[in-house]
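This report refers to the structure that appears directly beneath it.
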Amino acid sequence: MPLFSQFELSNNITPTQLEALRDQLREYEYHYHVLNNPLVPDAEYDRLINQLKNIEQQYPELITPDSPTQRVGAKPLAGFAQVAHEMPMLSLDNAFSETDLDNFLRRIENYLSLDANQLTFCCEPKLDGLAVSILYIDGVLQLAATRGDGTTGENITANVRTIRNIPLKLKMANPPHRLEIRGEIFMPLKGFNALNQRALAKGEKSFANPRNAAAGSLRQLDPQITRQRPLMLNAYGIGVYESNYQRLPTSHYARLEWLKSIGIPVNAEIRLARGYPQLLAFYADIQAKRADLGYDIDGTVLKVDDITIQETLGFISRSPRWAIAYKFPAQEEMTILKDVEFQVGRTGAITPVAKLEPTLVAGVTVSNATLHNGDEIERLGVAIGDTVIIRRAGDVIPQIIGIVADRRPANAKKIVFPTACPVCHSAVIRIAGEAVARCTGGLFCPAQRKEALKHFVSRKAMNIDGVGEKLIEQLMARELIHTPADLFKLDPLSLMRLERMGEKSAQNALNSIEKAKHTTLARFLFSLGIRDVGETTALNLANHFGSLENIRTANVEQLKEVQDVGEVVANRLVCFWQEQHNVAVVEELIAQGVHWDNIVQLEIADNPLKDKNVVLTGTLTQFSRDQARKLLQQLGCKVSSAVSTKTDFLIAGEKAGTKLTKAEQLGIRILDEHAFADLIKQLEYE
């Protein structure tokens, strides 16, 4: 198949060349929409479709009725009955830059003969899911269909009825006779990750991304399979509407608010904006929140809010004039896999790291990506020399999510997972039920020892400022440190012999080490690097037991009483304290002066927070996050990092995001910062 990513406009373009480009696009569309198995990143498809548009604009006599630019989507799958849409489900035009957005506004101005900056827009995140139509007749869900090719979709009613956040009956008296909801069905990241973990544990194929997972789940012929998948709907508009009781609002935003009031889920990030600067501000705000939303988005959707103006603007062949998708920089790109290196982590985990031909992804040059583990290498079928698809989302480490199979070179080289540690040459084993293979060398392995020391000094552990990764590596290379306790035995002369370490730098490092001696029990526990004991678990252990001695002597059953501690973590803790080397290091740290304040709980009558599970979210102005957490601990609370059905209170500061939304959905009691501060004052007064 020819590669058209470098297609250039010229005066000798032939119909044969154009048809080859169209065929390539059709092949990509078929794999994306029908097989749910994309061959190339969205960015590559976007580049090719835009090239085709440009060519057809320059040479309109070459446009054909079946060109990919002249239709919306893909054909329905043969396994589902077809549904004709009364109102076409069209796609949106894309904007990829501020210039594109400005051109969109100029087109509106020219069409309406008015200043587009005077228009109000309804702004929404662009969810990366599957567009659907859901029809309610007299308030009861009767029919659901995919978008398909825009005029004909697939009947997925049985599957949609299994999605928990879609009401089977509208929450209203006198419902409209016919109400068609248009929306996006997607899979939240937490559910997607859990689904893939279950699949890998069973030896089944995992999904490349949440969109593929949502599409595959929605197109199951057995609704019982769909029922087990964590799908959700966010409505973004209304299609057919017939009612003898009420007229719809003439504001798109107000229509979405009305949908929410009758039980239809609507995205929590939807806002109104007026004019170019506010549209850019919304785009920037959503882009900044992207990594924390809990679901995949690939841009924003900007719609003229006034329905009357929408109707005046109307449509072009395949999209409305009154809306545009302003997309984020591509998070997926193609590049060449040059080699694979195997790294050893703090707990001995062997991680394959892909060495890539450097390429720009989401504004950052990427030359390394994770391949996770041996199962992932096998699932991808990837080889050295392959053209691979890499994905970078937010601050997540770039990963390879697929290969372009038809571009594999003849000299591609198979990736062989090591059976011996690449650092200490100890045996590599994989425990049954785990995806990760591990070096058995323990602290004999220099790589594990180095990573354990880096973890010990890190910000969320002992927070030793000025002692970073490079200094740890130098200290180990000179054999000045072997265990965390050795850090507290360093002297100025030893440090001054190191590279870029003068007298002042050495003293600053020693001052930081001295300062770190006063810590908290939770930080100290976390710094020890006990496997599966993260920051939150360490905090829960400290709050529950109150002292290190109590934690050291607790048995498995006592440990399991702690929130978030199950059988596996409890056994890891018991095993850690049974290892005399670990006990010796801890005792040496305490002998070197590491200490912490006792955890004191305030004894207050009628304390509504005692023994409650509390989650903090958003930005607090009257307290730092650590101050708020400490106050809650003193009041006898269990402070968690995630909202769940076990959460009793959510304390929400400014710019609270998905945790607030989830708490509202679960009916959890919510305190804003002022209410929290008032409660603290009241309890302190009592």
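Backbone N, Cα and C atoms are what each Cβ position is placed from, and that goes for glycine too.
Under the heading active site, N6-AMP-lysine intermediate, Swiss-Prot lists K126. According to DSSP, K126 (active site, N6-AMP-lysine intermediate) is assigned to a strand segment. A 10 Å cutoff on Cβ-Cβ distances gives K126 (active site, N6-AMP-lysine intermediate) a total of 21 other Cβ atoms nearby, all chains included.
A helical conformation is recorded for E44 (NAD(+) binding site) in the three-state DSSP classification. Residues or ranges marked as NAD(+) binding site in Swiss-Prot: D42, A43, E44, Y45, D46, S91, L92, E124, R147, E184, K303, K327.
Other Cβ atoms within 10 Å of the Cβ of C439 (Zn(2+) binding site), summed over all protein chains shown, number 27. As annotated by Swiss-Prot, Zn(2+) binding site applies to C421, C424, C439, C445, with the evidence given as sequence analysis.
Taking DSSP states H, G and I as helix and E and B as strand, the domain 'BRCT' (604-686) has 32 helix, 18 strand, 33 coil. What Swiss-Prot records for 604-686 is domain 'BRCT'.
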Other CB atoms, at most 10 A from the CB of D42 (NAD(+) binding site): 17
Other same-chain residues whose Cβ falls within 8 Å of the Cβ centroid of C421, C424, C439, C445, the recorded Zn(2+) site, in sequence order: V344, G348, P422, V423, H425, S426, V428, T440, G441, F444, P446, A447, Q448
Alpha-carbon distance [C424 (Zn(2+) binding site); R147 (NAD(+) binding site)] in Å: 55
The one of E44, D46 whose CB sees the fewest other CB atoms within 10 Å, among these binding-site residues: D46
Cα-Cα distance linking C421 (Zn(2+) binding site) and D42 (NAD(+) binding site), given in Å to the nearest integer: 38
Cβ neighbour count (within 10 Å, all chains shown) around C445 (Zn(2+) binding site): 20
Those residues of the chain, 6+ apart, with a Cβ under 8 Å from that of L92 (NAD(+) binding site): V301, S319, P320, A323, I324, A325
